[in-house]
Structure formats: structure tokens, C-alpha cells
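This report refers to the structure that appears directly beneath it.
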Amino acid sequence: MEKLMMNRCKESLADLLEIEPNNAKALRIRGKTYPMMKKHEESLADLNKSLEIEPNNAEALRSRKFIADAFRSHGEAYRMTNRYKKLLEELNKSLIVEPNNTIALRSRGETYLMMNRLKESLIDLNKSLEIEPNDAVALRIRGETYYMMYRYGASLADLNKSLEIKPNNAAALRIRGETYRMMNRYEESLADLNKSLEIEPNHSKTLRSCVKTLEYLNKSLNIKPNNAVALRIRGETYCIMNRYEESLADLNKSLEIEPNNADALRSREKTLKGLDKSLEIKPNNAVALRIRGETYRIMNRYEESLADLNKSLEINPNNADALSGRGETYRMMNKYEASLADLNKSLEIEPNNAGALSRRKNIAFSLRIRGETYRMENRYEESLVDLNKSLEIEPNNSKTLSNRGETYLMMNRYEEALADLNKSLEIEPNNAETLRNRGEIYYALTRYEESHQDLVRYKSLDGCTNCRYYNTSKTWCQLCDQKRIIRGWSSGNKEIDECVKKFQIKITKYEKLIEWIPFDRLVGLQTIGKGGFGTIYSAIWLDGKPVVNNDLRAREQSCKVALKTLSTLKEFENHVQCRLNGLGLEIYGITQHIETQTYLMVFQYANRGNMYDFLTSNFKELDWENKLKHLIDVSNDLARIHESGYIHCDFHSGNILLNQYSYFIKSFITDLGLSKSLKESASKGEVYGVMPYTAPEILLGEEFTQAADIYSLGIIMTELSTGKRPFYGSPFDYELALKICNGLRPGFSEKTPKCYIKLANQCMDFNPHSRPSAKDISSKFSKWRMIVMKPWISNSEESDIKRSFISANEEIKATQITLPNFQNSQYTSRLMNTKEIKLAYESAKFRGNFN
């Protein structure tokens, strides 16, 4: 019926137009009728003729635009079926009607591109972008056109602009990725292709481009294997391709070169999740388990690393790489004998396995450094154990021989010392330190002529070139160098100048140099913590700390340091004095904030945070051998503070910092802001501190003594046992203070060794005079650790001790630590009114009301 009516209308209009061929209205109506009959060309002819008669007729203009759109729509349908010639015909018709229509120009430009008619494509796209310069789609298409014309610079400019407007356009990212590849910028290429695949995961063309770019990147990495960015990008690409083992291998290597790269860290977490899913499907994939185990080790998740590597080796027991990897994990856990066994087995299977050879050398180095540290701490038996093991691996290492010789010297075992030093000097004849030690041994053995010869030669090698006296350490003459360093600088504050110079005169080693540090040499200041008595920052010190490299003075330029605001100069003086007496934390100097005018102490940045945070993150990986190691570090530092004539007065786990060196982690006591000299008297009635760590006699208003620090150490021992802070979740109020004064103490985990509990309870004894000294405590920790490390046991007492620590290790693995929510700010030093606590204590004691 409708068709019949349209035909009649058409006939009627035809009759009218025969009579009046220039009737604009009739032409317009017929032009509007033709599209309904799908006769667009006839419609366009009528509407054009109508507009010749009435050029500004709005209705005709609207209708003609409709026809142009129709041509373009028809054309798009042809594009879907790749019928480009038909598409071009329709777009040409559309552009006859609207020659400046940007969409039609862009579409025709893209059609020309598909037909490889690149010059014509460029003409249309240029015209479209002249009219609408920020059209992201047109910029993308023109970018692709330039790419096809090998004009990569122009292509990149357009694609960059397009992606600024629409950053997540998968096609633009793919084309830019391909452009980067043609420009040999493989890392950027893969970054774009990876992002494109995140948006369109199964796009075949992008996947093909990824593979091709990967081939080029592999060649590039053969030439420059330590390019961290290239490794990261390749690792990310492997992840997208579900090649998780290869992905993790690359990301791990990238992070060895740039450990704090946020992008690489994020990508590794993502890949790890992918590998976890892969292992759920194929749980016995030995390679995947090995790679995940290696990754866990790099992330310091040693127990998980060990579990994966053990399982990998159950499947493939003779895999040299897995054995080498497990050996390295054991080394990071300070289990050197187990480490060495694995590395030796790896080298039996593959004698030239570079990883195993390097790692075995690392063990020798770790043992030498630890042995040297033990010697400096007067722990000679432990020193010998480590140095002996190191020399089993590298029997001709001159430094290790010299170290063992010096240890024998300190033990008055002169003949053994002489044998080691002689062998060391055969390998390294001009080592001044070894010559000096041998000279001392000859003197002790009354071989005076030989002693004189060695000491004269030592002086020629290591004497001060100015005064000719012996240096107090390598590259440092206390007599001459102190005169040089106290001249030529000023802080602008006489008191600060005198304080710094006072310590500069006392320095016996270049590495312990104390300086006035101009604030403009510290960049990138960031707040990293706030305590009760100051703010802690991190910064980069452009000049860097003093170091000795190859017997020459140098600087570790652009090193990361920590800064703490100083309320008084006394805190700085206390830290430096204790440092000069052997406190572990490195102090570099003092500076003044340009804006706030506040003085700040500049000291060593501890990259593993404080003791409590470390325990929270690593409790399940921390076995008792390592716990004892941290307690030895802490008790030694406390002993040095006490030997320097100070009391810490604010000792808790938040004031113990940990630093990860290449091969071990070391703990340091810090924050001597409240510390006092033994000669100072405390103010009565008020005390600052963290209540659970404060000794009962202090809560009752007595003066601080070194025994109060020992009490705090006992509380810290309970933390290492349980992984929990003392009295967590309880309000730190008078009620808790009264309970502490009446004998309440934090508990221990179930299988904590009895000897450990006994020592901790002695430290927490109500009577300060019954508490042991820091030196005695350190000696006990050292003894226990030696027993735990020993491969053989000499008596039943030692056997019981070793068994108890091994049993406690098993408990750690099974422990699930869940802490209730509470504010960490509770564990910040604050004012406690001891007068009121004492009054309440005496009142309760009088009433007998302690329960």
C-alpha cells in the first residue's frame, strides 16, 4: 500500500515538473521521496537543482546533508566487507555534497590507506586535520600513513598527539609500537604493544608485532645484557605471552640492576600471580618452581624460596641451577654449611656453572666478613669458625689468611698466626696491615731483628707522608689530618663549629669523619617517620660518605642518608661519642635546614626499617640463629653505650634499626635523644618513654640507671619470641603501670628455649641489682648461637640447648601471627607522671589491693 502511494506521489510530481520543470518545491519534495525508494543519486540530482533555484532553502540543505550521510553510511558497510572501491564511490558522492566534512575526509583518507594509495590518503587527512586539528582518529590514521611511507619521525609526532588525546586507544598504541621498532627503540616498542594487548588481549596483529620486536630486543640484550629497562620490558612481554618463567628471570635480573624500580616491582608481583595460577594447573613443573623459588629469595621470602626449590629438586634432583639457587637461599639465611653442600653438588654436575662458582665465592666472602666482624667484637672462637670455613673454599685468599692470622694473634696463638701471615704475604707481599701484624708477632716471640724489618717496611708502605709516623688507620694520620679538616669551613654558629671540631680531633679513621654538611648538598628530602622527639627524613647526600677504596680516600657519591631534627646539641654529641667508642650506626655530621633553621643530625639510612616492622614482615622467615644474631648486635651496641658512660633511657624496638648489606643484615641502636651521662641526675616526678619497656623502678620515680636499659632489653627479647609488641591492645594507663610494678611481664611463645626465658626474666627482674650487664648478655647470646651453628656437640648441656632452639624453629613455621588493630602511636615516647603512679602504687600496697 505504502509503495503504491509513493509511486502515485512520484507520478504526480513528474506530471507537475513536466509542466513546471523549475518548481523548487516540487523538486525538493521529489528529492525527499527518492531516498525512501533507495534512489539516492536521483534524490541528490533533484535537491541540487532545487538549491540552484533557491540556494538558501534550509529544508533542501538539510535533506542534501542527509543524502551525504547516507552515502557515507553505505560506504562504511562496504568497508566492513573490504569492498574498498565501492566504499570510495560512496565517499566521493558524500564529499561532492559536503566537500569539507571532516568525517568523510577522514574515512576516505583511511580507505586510500587500505588501498595503499598513500599520497591520496595524506591529502584527505591533511585537509581533515586543517579543519579539526585535534581529531585523535585522523591523527592516528595519518600516523599510520606516515609509517607506511617510512616517515617514522612524522608518524611518531602524530601518534604521540593522538595518544595524548585518547591514551588508551589500542590501535594507536600498536602502530606507535611498530614505529618504535622500526626506529630500533625496542623497549618503547614493547611497552606500547604490551599496553595495547592489555586493552585488546587477543589482537593477532599486535601479538605478531610483539614476537617480532622481541626477536630484535633479544639481539640487543645479547650486546648489552645489563640494560635494566630492556630486561623489564622483555619480562613484561613474556608475562603477557604467559611465559612466566622467562618473565620472572628477566624482571629479577632487572631488579638486581635497579632494585627500587617501581614498574619492575609491580610487574614482578603480577607475573608471580600468573606463575602461581600456572603451578595450580601444573604443580610439578620443576622449572617454574625453581624460578619462583629464585624470585622469593630476591624478595627476602626465604622460607617460601626454600619450599619451592626443595620441591623442584624432588622432581629433578640433579638440576645444577636449582641446587645453585637453593645454595644461595641457604647463604642468605646464614646456613653456610647447607649452602656449600648444594653449591659443591651443583659444580660436580656442571663444573663450569657460572652461577654456582660465583655463589660459592660469595659464601667465602660472607664468611670472611662475618669472621672479621666477630674478631672486632672480641668473639675469637666464632671468628675462627667462619674464617676456617672460608679458607676451605678459597685456601689462597690473602685477605682471609691475614684475617685468621690476626685472630690467632689476638688469642696469643703466635705460631699459627705466623704461618697464616707468612702465606698471606707470599700472595700479597706489600700488604701493610699484614706486615704490621707479623712485626708484632716477631716481637712477642723475641725475634726483634725480623720485627724491626717488618715494622720499618710497614711504615714505608702505610706511614704518614707528612710526619712519617704510623697512620692510626688506612689513609688517616690523627696528628696531621685533624689539622687539615678543622680548617676552611664554618657552620656560622660558634657552638656547632666547636662541637664538630672537638670530635674531628678524636677521629682515628677516615671512614668515621664527622662534618658540617651544607644543606644544599642534600636533595630529595622526604619525611619517613615521626617520633616523640623529632622528625626523621631521608635524602640523597650528593658528596656522599667517606670511604676507602683500594687504600685511597674516596666518597660514596649520591648516597642515601637519614636526618633527624635535634632538640638539643647534646643528642648529637651523645651519638658521636658512642660512635667513636664502637656504636654500630654511622654518624656523618650535622646540617641546618635552610627554611626552618632547624639543626639535623645526618646519619646512616637503615634500609630495613626498625626492629618491630622487620619482625612483623619477616617473623616466619626469622629462625633462632638469626634472632640471636640481631640480639648480639643489639646487646653489643648497648654495651658500648654503657661503656661510654651513658644510659639510653628510651630503649625499645622502634629505636633499633636494621640495614641490609650485600650479604647480611645488621641491627643498630639509635635515638639517643633522651640518653643521659651517668653523672647527670634525672628530673623527679616525670619521665619520658614507652610504658611497656619502662622498668618498674623508673615508673615509681627512681633515677635512671644502666639496669633500666637491661630491663628494656628483656622486653625486646619477649618480642623476638612472640613477634608481638608487649601488652599490645592494652591502654598504657595507671592500671598497666601498677601491674608492671607488681610483676606483670609479657609472655613468650610456647617452645621458646628455657635458657632464653631464664635470661629474659633475669633482665626483667624487679630488682635492678639482679639484672645482668649488657656484656654478659651478649656473651650468652654468642655462646648459644655458636652451639646452634656447630655441626658437632661436645656435651649434653650443649645438646639440650641446640635441641631447644631447633624445636623453637619448628614452632615458628607453624605460627600464625594475627595482631588486633591498635595504634602504633601508642609505642611512641610520651610523658609519664611517676609521682601519681608511685602514689597509686603505695596506696594499693597499703590496702593490699593488687589483684
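Cβ atoms are placed via backbone N, Cα and C, with glycine included.
Owing to the predicted nature of the structure, the values given are computational and were not obtained by experimental measurement.
Listed features, source TrEMBL:
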| type | residues | note |
| --- | --- | --- |
| DOMAIN | 522-793 | domain 'Protein kinase' |
| REPEAT | 24-57 | repeat 'TPR' |
| REPEAT | 68-101 | repeat 'TPR' |
| REPEAT | 102-135 | repeat 'TPR' |
| REPEAT | 136-169 | repeat 'TPR' |
| REPEAT | 170-203 | repeat 'TPR' |
| REPEAT | 228-261 | repeat 'TPR' |
| REPEAT | 286-319 | repeat 'TPR' |
| REPEAT | 320-353 | repeat 'TPR' |
| REPEAT | 364-397 | repeat 'TPR' |
| REPEAT | 398-431 | repeat 'TPR' |
Beyond the flanks of the repeat 'TPR' (136-169) by at least 6 residues, Cβ under 8 Å: 102, 106, 109-110, 113, 116, 118, 121-122, 125-126, 128-129, 175-176, 178-180, 182-183, 199
Long-range neighbours of the repeat 'TPR' (364-397), counting only residues six or more past its ends (CB under 8 A): 331, 336-337, 340, 403-404, 406-408, 410-411, 423, 427, 632, 636, 663-664, 782, 785-786, 789
Residue numbers, six or more beyond the limits of the repeat 'TPR' (398-431), whose CB comes under 8 Å of its CB atoms: 364, 368, 371-372, 375, 378, 380, 383-384, 387-388, 390-391, 437-438, 440-442, 444-445, 461
Within the repeat 'TPR' (136-169), residues counted as helix, strand or coil by DSSP: 27 helix, 0 strand, 7 coil
Helix, strand and coil residues within the repeat 'TPR' (320-353) as assigned by DSSP: 27 helix, 0 strand, 7 coil
For the repeat 'TPR' (170-203), the number of residues DSSP places in helix, strand and coil: 27 helix, 0 strand, 7 coil
